[in-house]
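The compositional bias 'Low complexity' annotation in TrEMBL covers 404-429. Among the features that TrEMBL reports, domain 'CAP-Gly' is placed at 211-253, 330-372, 467-509. Positions annotated as region 'Disordered' by TrEMBL: 261-283, 400-438. Residues or ranges marked as repeat 'ANK' by TrEMBL: 18-59, 98-130.
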Amino acid sequence: MDDIIKRGANINDHDGLTDMTLLHYAAKSGTSGIGDVKVACSVVNYLLDKGADTNIRCRWTAMTALHYAVYFDVAPVVKILLEASKALDVDNLCAEFEQGTPLHIAATNLSLDSAGVLLEHGANPQAKDSLGRTAIECIPELSSLDGNQELGKKALKLRKMLMEAEPTLPKLPPPNYDSIQSKVTLQAMGLKIGDKIVVGGVKTGFLRYCGPAEFATGIWAGIELEEAEGKNDGSVGGISYFKCSPKHGIFAPISKISKPGVTTPRSGRLTPGKKNINYGTPDLSRVTSKIDTGLKTKSRSGTPSEGGEAELDDRVIVAGQRKGTVRYVGETKFAPGTWYGIELDRPAGKNDGSVNGDRYFTCKPKHGVFAPSSRVQKVPAYMGSTESLDSLGGAFALNEGQRSRSGSQSSIASIGTPRSRTPVSRPRSAGTQKRVSLNNATTGEFRLTEGMSVFCNNELGIIRYIGPTDFADGVWLGVELRTPKGKNDGVVNGKRYFHCKMNHGLLVRPSKVTVRGINGAKLLGEAHLADLK
């Protein structure tokens, strides 16, 4: 070191080949099994005394000396660097690791000792990278360690360390029981808390809560049923909206409840055994024009689907194949619109209820999946709750051919049973027939393939990946843009789908790209759709 300084080199000069400084080299020189930790610490201290800058980054990797020390798990050097900077850079972001902190780097590389030093100096275990992941979510899965027991033990210890470091989240307060929205809605319906009501024209109980909920958007009614036919005890997701006996509580959209004897809009019949008392149907249009009560929902079909719309805790079938239970209904951060979060019976899902670091519900890994309403159907009453889809012999499937061009929900066709509904066949106009035949002739054997040039977000790009993903249901396209206007390098949530330069990669729905003016959704081949099965 003295010789380098004597020859006129500045302590912070960059190497012409690697763009690293002496401090960068010294920080990683103590790597276990390669260098000497004591010598590395001595050199680092020497360089710091001479004025070495801890904030200088290598232009090729955008990493500081601290990032390198954590990457190679040289914990004593990590401690020296943090003490020198007074830990001001303990959460310094690194573009090479998706704008993650040093703790993200430690988690990714199983740098157990360095992670401990970082936490001792105030590293934030809840900080998120550009993919929305905390450090604990960057720890490699045991299945990816090729049976290496030593690395497996490190991963478990590191996970435990980070879990213990995360502060206990305070219990969320209950929703506002006295919201103006709820009061106006109940007043318009002639109801109040404590009144006896009918849910969906079938179940009877007492109204215990009316208002917003954490698990879905809109106005929800909390009902204490007279019989043990409910889903809960008034609590959902750790939040208590009201209290009742177990299996007596249920939540329903406000539009699904009514006074006893009043015909509900969806049921079309009165509760059996109740006298027909005509209270009149409340006109809620006057209310919603001033206050958004959340009562209006978009119709997905010209007629209600069999069994009605799926609700929280309902048993459903996703894409006509996978059975599960609805655990979340509402908006998400990963895509616009209303999504259903479903806990599948079998490990055929994509996640554990969280996407991009945002948790919507909790379930076992690979049991969670998100799907739009058009791909979710309630399990019919004649189908047992434990009945396997395989045992039906294909009698229950989504009839994709019945989807309307406006995106209405697919109907469920039950083949060979007296319960099946025959869809109404509407004659096409001559213009429609001509347009359909033109599309068929245009697409023909012309399908999306990897390497094909596409237009995406007003940018030219190349398809690098076609298939399913771990973060959402359906077919996705991995597109490499020509300009750095993307969001990644082909990696999302720690999984690589394709390779490209940083910020040149995008994962999008096929409908978001066009090829020769044709929407990509129309160019999916059968092989692509088969990947989802």
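Placement of Cβ uses the backbone N, Cα and C atoms for every residue, glycine included.
Source: prediction; values computed, not measured.
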Report the mean pLDDT of the predicted model across the domain 'CAP-Gly' (467-509), rounded to a whole number.
-> 89
Summed over the domain 'CAP-Gly' (330-372), the DSSP helix, strand and coil counts are 0 helix, 19 strand, 24 coil
Over the span of the domain 'CAP-Gly' (467-509), count residues by DSSP class, listing helix, strand and coil in order.
-> 0 helix, 16 strand, 27 coil
Secondary structure tally of the repeat 'ANK' (98-130) (DSSP, helix then strand then coil) = 16 helix, 1 strand, 16 coil
Grouping DSSP H, G, I as helix and E, B as strand, the residues of the repeat 'ANK' (18-59) number 20 helix, 0 strand, 22 coil
